[in-house]
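Structure record follows, encoded as structure tokens.
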Amino acid sequence: MTQNYRITLLPGDGIGPEIMAVAVDVLKVVGQQFDIQFDFQEALIGGAAIDATGEPLPSATLDTCRQSDAVLLAAIGGYKWDSLPPHQRPEGGLLGLRAGLELFANLRPAQILPQLIDASTLKREVVEGVDIMVVRELTGGIYFGKPRGIFTTETGEKRGVNTMVYTESEIDRIGRIAFETARKRRGKLCSVDKANVLDVSQLWRDRITKLSQEYPDVELSHLYVDNAAMQLVRAPKQFDTIVTGNLFGDILSDAAAMLTGSIGMLPSASLGASGPGVFEPVHGSAPDIAGLDKANPLAQVLSAAMMLRYALNQPQAADKIEQAVLQVLEQGDRTGDIMSVGMNLLGCRAMGDSLIKALEKS
């Protein structure tokens, strides 16, 4: 029986349209193989939306996304729009999309692929077998807390203020996502906070600990954020799933990403309690290589696989895509960002063709 899904495509800026085209071709192939019908709707976001409509997130785009089963995003931003005020820049489109879809959980995997292990800056024995999922709270914490701003005191001195705030319900909902994620993986969850200094972290630790009683099959541990950062570099294989707040997650997810050696290989997902999630590569829009057929489409393709797994409940189709990625790497196919001696240098389109062949053979 054919299953039908409505997918909003947001190619965005820079290399976005190129890598999105590869991901769509891959989805069409697995759709045929698994009797899945995709209804793709393309919409504007970021710089492309600014050029066309004057705003980074047109209301029509948000409406289209809300009516979808999932949103696949490519890349946002570029030098062209850097002179705009911060609230008018392309990146504001992503923030607006997250808020409009009420997405509060960001899932960032960091997995060492055997074929690329030497790309890591750490020793092989340290990173071999690393497979981490960072679950970051996305809409609370110090980035959104109030009061905030730069004020002038009675003495005329400038004073900058930001406020880290979390409510019990905000902690509980991200905690549930993290426990459920850990349950589907290796059953280990590490909660990262700064409870030895911050009151908000004491509440965080208390709520996560209480929530763990509902998940007796998941092993819970706690680390202070400074120790967690050190342990990610010293012994990353100890981690399975990490859950943490917005600020700490912003930092730790990038640190975990660089264990892999190439940010161009990493997908991500942003999820809410209901409604469509947004799936996108971690890397930026790379305007310097846009249109030159040099982009690495693999993170975009792996983001499509995450979409199949987490939004559409199609784990077998997701597995098929992930295995195809491993296969093309195993046969030595590389784009410039992951190229090494003796490998086959391919452009974006040719890498897509190689993926299609791998999917059709398997």
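Don't overthink the numbers, they just go from 1 along the chain as shown.
Each Cβ is built from the backbone N, Cα and C atoms, and glycine gets one as well.
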Which candidate from Arg66, Arg136, Arg148, Arg186 does Swiss-Prot annotate alongside Arg98, Arg108, Asp226 at the substrate binding site?
Arg136
Any idea which of the recorded positions Arg98, Arg136, Lys194 has the thinnest Cβ neighbourhood at 10 Å?
Arg98
At the Cα level, what's the spacing in Å between Pro86 (NAD(+) binding site) and Arg98 (substrate binding site), rounded?
17
Please find which two of Arg98, Arg108, Arg136, Asp226 have the most distant C-alpha atoms, given that the record lists them as binding substrate, and give only that distance in angstrom, rounded to a whole number.
28
Select the closest residue to Arg98 (substrate binding site) from the following binding-site residues, measuring between CA atoms: Asp82, Asp254, Ala290.
Asp254
Which residue among the binding-site residues Arg108, Lys294 has the fewest other Cβ atoms within 10 Å of its Cβ, if you could check?
Lys294
By a 10 A CB contact count over all chains shown, which of the binding-site residues listed here is most packed: Asp226, Asp250, Asp254?
Asp250
